[in-house]
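Everything below concerns the one structure shown next.
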Amino acid sequence: MTQRVYSIVLFLCFGLMNPFATGIFMDKLASKKLCADDDCVYTISLVRAEEDYNAPDCRFINIKKGQLIYVYSKLVKEKESGEFWAGSVYGEEYEDHMGTVGYFPRSLVSEQHVYQEANKTIPTTDIDFFCE
């Protein structure tokens, strides 16, 4: 009995400390995305936010008017869904959020500089919409 309790306690401790055990898979926003490369790691463009945006859930990022955002992928719009791009904020004043990649509405930003064309169409996967 003691060994069973000890095993359960260890399992709970390691399970709670493991960051992979705390995530959740959210609904897909699209089935395809456009990227600059096959792995979607290269920056497509730099955009500036034209309006503030409060993220409705963990798939999205908060953006402030005037903020610069690096774009890594562009979801292919489907039927009545919105058009969303994935990126991360840029700038020293936003260093707490730098590196966090999330979606934001394309309609709220203007492209400042295009680094590479997004000409690779890639299927989205569940991990594209995973939240920690």
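Glycine is treated like the rest: Cβ placed from N, Cα and C.
Swiss-Prot lists 1-23 with the feature signal peptide.
For CYS35-CYS40 (among others), the entry in Swiss-Prot reads disulfide bond. Every protein chain shown contributes to the tally, and the Cβ of CYS40 (disulfide bond) ends up with 20 other Cβ atoms within 10 Å.
Per Swiss-Prot, domain 'SH3' is recorded for 42-114.
Here Swiss-Prot flags CYS58-CYS131 (among others) as disulfide bond, drawing on similarity to another entry. CYS58 (disulfide bond) falls within neither a helix nor a strand when secondary structure is assigned with DSSP, and so counts as coil. There are 14 other CB atoms within 10 A of the CB of CYS58 (disulfide bond), with all protein chains counted.
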Checklist entry - For the domain 'SH3' (42-114), what's the model's average pLDDT? => result 89
Checklist entry - Taking DSSP three-state, what's CYS131 (disulfide bond) in: helix, strand or coil? => result strand
Next on the checklist: Out of CYS35, CYS131, which of these disulfide-bonded residues shows the lowest number of other CB atoms within 10 Å of its CB?
Outcome noted: CYS131
